[in-house]
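Engineer: Sharing a structure, written as C-alpha cells. Questions coming.
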Amino acid sequence: MKKQPGWALPNLQEAQKRTTKESHVERSLFQIPDEIRKIGQGKKYFLRTYGCQANERDSETLAGILEQLQFTAVDKAEDADLILMNTCAIRKNAEDKVLGELGSLKRLKRTNPDIIFGLCGCMAQEEDIISLLLEKYRHVNLVFGTHNLHRLPELLYEVMTTGKACIEVLSKEGDVIENLPVKRFGHHKAWVNIMYGCDKFCTYCIVPYTRGKERSRLMEDILDEVRQLKEEGYKEITLLGQNVNSYGKDLHLEGGFARLLEETAKIGVERIRFTTSHPWDFSDEMIDVIARYDNIMPFIHLPVQSGDDEILKIMGRRYTREQYLTLFHKIKERVKNCAFSTDIIVGFPNETDEQFEHTLELVDECKFDNAFTFIYSPREGTPAARMQDNVSLETKQKRLAILNERWNAYAHEKNEAYLGKVVKVLVDGASKKNKDVYSGYTETNKLVNFTANNVKPGDIVEVRITACKTFSLDGEQC
Ligand code: 5AD
Ligand code: SF4
C-alpha cells in the first residue's frame, strides 16, 4: 500500500480535542448508491472481531452493510474475497494478535490476487499503526475507522473498481447515525448501543482517542430498538457504552442513565444488563432502579483498576479506594444477591510492592465473582505512556500471577455457595460434544453447564447446581 493523495489519515492529537457542540442525530446519512447496490453479488466475506462489546456490536453493523451489498458470510478466511478485521487497540498484545493474523493471511493473495484485506476499528485510528501498515503490510488495501462505518459501501466500491488501496480514517467523531443496518449475531441476546465514545481520559487508556467524544443516542430511539427486539423474541438486552453512567449528560437529559434503565425495564424484556459502569458517577438513583426491577440483572461490572489511592490518582480515575468500597458495599446491601466483576491493571508505571498489596487487600474485601486482570501496556499518545517506569516486566508478571491466584480463590468460594441451589438459566445452546448437556448463564452471569431434555436456546429454565468450578457451575434441570 503506497500513500496516496486524498486519503484521510488519523491524528491522535486531533482526536483528543473536545468541543461543547451537541451531536446531531442523522437519520438518513447511510445510503447505498444504485451503482454499488450489487457489488457483493457472488462474493464472500470473512469478518473477524477483536476486543470489547462495542466492537461486537459494530461488527453486526458491518455484516448488515455487507449483506445489503449482497456479500455472503463465510467461516474461513481461505474462502473469502473480502477479509475484514475489526480491531482492538486497548493493549499491545491485542494489536500483536491482529498483526500476526494479517501477516499469515497474506499468503491468500497468491491464490486470489483480487482479495481485499480490510482493517477497521480502534487500531485504524492510530497513527503508528497506519505507518506500520504502509511500510510492512502492503497487502492491506482498505482501512477505515470507528467514525465512518457508514462509508463502507463507497470505500469498497473504490477499491474494487480502481484496484487501488483506500484509507479513510476520521479523527473527529461525527454525529449519531440512526439508519445503519444490523445483522444480529445472537438469536435471543442482543446488544443495544446507548452512547458512543468516552470523555474520562484515564491516563493509560486509548479509548477516548479511538472512539471520540461521548455522544448519547436519544432515549426514544433506544427504547424503540428495545421494544422491537422484545417483539422479535429477544430475551436479554445489554445496554452498551464505554461508561453508561454518563448517558444523557451531553443531551442534558434529566434523570440520565437511571431514567433510561427504568424505562427500558418497564418494556418488560426478561433480562436487562448494562456495561460498563465507571464507579465515579454511579448514582444512588441507578442503584434504586436496579434494586426495584426484577428484570434488571443483579450483576455489576465495576472496574476498580487499582486498590491504591496514589495510583488511582495518577490513573485519573476520580475516586479513592474508600469511595469505591463505599459504593461497592452500598450496591451489595441494596441489590439482593448481587454479583460483581471488575477490571484490574497491575504494573502501572512505578507501582510499588506496597501499592500492589493495597490492590490485593481490596480484592480480599470485595471477593469479586469475576475479574479481568491485565499487565499495564503503554499506549502511544496517552499521558501514562510518557511516564518513566521502574517496574520490570518480570515483577509485573509475578504480580499478575499473584493477583490471579487470589481472585480465583474467591471466585471458587463464591461458586461454592451455589451448591444445591436452584438458579434460573437462560439457555445458550447444547454442547458440541454431548447434545444432552446445555450451557447458559444465571441472572448473576455465572456460566452453567447442565443436563436437560427438551430445552432449546432462548428458554429460561430452573437448574439445580450439583458441582462448582472456578469459572463455571454444573447442574441438572429441575
Ligand atoms: N493497559 C492495560 N490494561 C488496560 N485497560 C485499558 N487500557 C489499558 C492499558 N493501557 C484495561 C482496563 C479497562 C479494560 C477494558 O482494559 O482495565 O477497564
Ligand atoms: Fe478507558 Fe477510562 Fe474511558 Fe474506561 S472510562 S474507556 S478505562 S478512559
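Every residue, even glycine, has its Cβ placed from backbone N, Cα and C.
Whatever TrEMBL says is automated annotation, not expert-curated.
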Engineer: Scan 1-20, 21-40, 341-360 against TrEMBL and say which stretch is down as region 'Disordered'.
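Structural biologist: Based on what TrEMBL states, region 'Disordered' spans 1-20.
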Engineer: Take the region 'Disordered' (1-20) and find every residue of the same chain, 6 or more past its ends, with a Cβ under 8 Å from one of its Cβ atoms.
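Structural biologist: For the region 'Disordered' (1-20), the sequence-distant neighbours (Cβ-Cβ under 8 Å, at least 6 residues beyond its ends) are 124-127, 130, 133-134, 137-141, 145, 164-172, 199, 208-210, 212-213, 380-381.
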Engineer: Would you mind reading off the Cα separation of Cys202 ([4Fe-4S] cluster 2 binding site) from Cys122 ([4Fe-4S] cluster 1 binding site), to the nearest angstrom?
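Structural biologist: Here the two Cα atoms lie 17 Å apart.
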Engineer: In which DSSP state, out of helix, strand and coil, do we find Cys122 ([4Fe-4S] cluster 1 binding site)?
Structural biologist: helix
Engineer: Sorry to bug you, but what's the C-alpha spacing from Cys198 ([4Fe-4S] cluster 2 binding site) to Cys122 ([4Fe-4S] cluster 1 binding site), rounded to the closest Å?
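Structural biologist: Per the Cα atoms, Cys122 ([4Fe-4S] cluster 1 binding site) and Cys198 ([4Fe-4S] cluster 2 binding site) stand 13 Å apart.
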Engineer: Using other CB atoms within 10 angstroms as the count, which residue among the binding-site residues Cys52, Cys88, Cys122, Cys198 scores least?
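Structural biologist: Ranked by other Cβ atoms within 10 Å, the binding-site residues Cys52, Cys88, Cys122, Cys198 bottom out at Cys52.
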Engineer: Distance between Cys88 ([4Fe-4S] cluster 1 binding site) and Cys198 ([4Fe-4S] cluster 2 binding site) at the Cα atoms, whole Å?
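Structural biologist: Here the two Cα atoms are 15 Å apart.
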Engineer: What does the structure give for the C-alpha distance between Cys205 ([4Fe-4S] cluster 2 binding site) and Cys52 ([4Fe-4S] cluster 1 binding site)? Integer Å is fine.
Structural biologist: 14
Engineer: For the recorded [4Fe-4S] cluster 2 site, enumerate neighbouring residues of the same chain (Cβ within 8 Å of the Cβ centroid of Cys198, Cys202, Cys205, site residues themselves excluded), in sequence order.
Structural biologist: Lys200, Phe201, Tyr204, Ile206, Val207, Pro208, Gln242
